[in-house]
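J.: Questions regarding the structure given below will be posed in turn.
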Amino acid sequence: MTTHKLSQCIQGPISNSFCISTISELLSKQHWSELKSHLRVTKPATFLDQLLNSGGGRSSATVLIIDMLVLAYVRNLEIHFAYEGFKRAQDYGFKLSLTSCNPLLSALVKENRISDVEYVYKEMIKRRIRPNFNTFNVFVNGLCRGGKLNKAEDVFEDMKAWGGAGKMYKAEAIMKEMVAEKICPNEVTFNTLIDGFCKDENVLAAEKAFEEMQKQGLKPNTVTYNSLINGLCNNGKLEEAVDLWDKMVGLGLKPNIVTYNALINGFCKKKMMKEAKKVFDDITEQELVPNAITFNTMIDAYCKEGMMEEGFALCSSMLDEEILPNVSTYNCLIGGMCRKRDLQAANDLLIEMENNGLKGDVVTYNILIDGSCKIGKPRNAEKLLNEMFNLGLKPNHVTYNTLMDGYCMEGNLKAALNVRARMEKERKQPNVVTYNVLIKGYCKIDKLEAANNLLNEMLEKGFNPNRNTYDIVRLEMLEKGFIPDIEGHLYNISSMS
């Protein structure tokens, strides 16, 4: 009966109210397949007017009908009407779903209507219609077909912004499909992918993209090499980074300051300060100018190695290059003095920084709080926390966890728990590090049952124990003869060394 009515609605000159009521009847009975298969009207704008005037309003049922309308047009290859329906739905303020939007995008790509593809995609983002992998895949393919690969970077940024859909392995899948479809990415696309993989700490995927780029007959440029060298250095693959540098130079490409900064960072991470200094000195020989990042990387490494004299000397030489030390520069120096347990010198640097018109940031205060805790002065550290609030700075988890650890180190669990309460009052919930600090604190004062209760609380809240958690349980509980009462959770502790 219902199908017959719908057939009349589609084929014959039946009244508009009859057509709307028939569709509504199908909807109320959840006959989605019939709705998708048979819903066809002549003019989307007219249908929307009729639907609103019929009393459908802006209910979820109305939105679903419009969704099915656009999808029906796509399936019947009436792409012009589908596109019109999408636009009209947007005009009326209806938020459609991927059920209709993805097929519409795909159909527009097949018809090479690339400007319309861009319009639909941008409207989806604007209307917060959450894209998925297929959305990005179709859109990138559309950009490729339209010769607009320079816009691919924006798409990959969108992928990252939309959370679960934004992992770079999705981008890798898109690249593979593009190659399989013989839609050739260009240098911009590959550079975007390689940089994204490196920032996502997936150097293996970046290297694969680098190889694929050359297989496609494309020549990596300085931007390509910079991203990959930086990624390799950040992942401790210094030898590979140096080899890539040599290959780059051998091909006639000239390293720029970004390349130098990446390699200096690589040597500094390996504590190879002589080699880092050689690369640093080579910058001026190549008629390049070091920037603040160059200096700060070297200064930070010197300070971490306790080479404060070299760090201060390099800071002074910044002025010779007309580069003013910034907050990051001072943070490096303050951190160095805190490691030497010279809090007075660290505070003097804070005053100097402020006299130079710079204001300490959250990192600055985190360093000072950590320094105070390390010398057994958590109360001074808490005064710094209060100062942060007075300056309008927002303490983060590192701030609170460091202060809690400071109190725990002196066995003052009451004060540590007060810091936790203060953190939660500021709407920051404990994380794994918080629990590790407090569990270890209880173990330190031999309150193992209390530590066990915290461990259970952490697990009940869905936090996964990390390596530090296992080490604390093994060293502070198991080796003291205490078996945690957390059945099944830490079955593999004994296998960890």
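Backbone N, Cα and C atoms are what each Cβ position is placed from, and that goes for glycine too.
TrEMBL labels come from automatic prediction, so no person has curated them.
The shown structure was predicted, so the numbers you read here are calculated from the model rather than taken from an experiment.
Pulled from TrEMBL, these are the listed features:
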- 97-131: repeat 'PPR' (REPEAT)
- 132-166: repeat 'PPR' (REPEAT)
- 186-220: repeat 'PPR' (REPEAT)
- 221-255: repeat 'PPR' (REPEAT)
- 256-290: repeat 'PPR' (REPEAT)
- 291-325: repeat 'PPR' (REPEAT)
- 326-360: repeat 'PPR' (REPEAT)
- 361-395: repeat 'PPR' (REPEAT)
- 396-430: repeat 'PPR' (REPEAT)
- 431-465: repeat 'PPR' (REPEAT)
J.: Quick check on the repeat 'PPR' (326-360): DSSP residue counts for helix, strand, coil, in that order please.
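T.: Going through the repeat 'PPR' (326-360) residue by residue, I get 26 helix, 0 strand, 9 coil.
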J.: Are there residues at least 6 beyond the ends of the repeat 'PPR' (431-465) whose Cβ is under 8 Å from a Cβ of it, and what are they?
T.: 397, 400-401, 404-405, 407-409, 411, 413, 416-417, 420, 423, 472-473, 476-477, 480, 482, 484-486, 489-490
J.: Grab the pLDDT values for the repeat 'PPR' (291-325) and give me their mean, rounded.
T.: 95
J.: Can you name the far-off residues of the same chain, 6+ from the ends of the repeat 'PPR' (326-360), with a Cβ under 8 Å from a Cβ of it?
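T.: Tertiary neighbours of the repeat 'PPR' (326-360) are 292, 295-296, 299-300, 302-304, 306, 308, 311-312, 315, 318, 367-368, 370-372, 374-375, 377, 391, 393.
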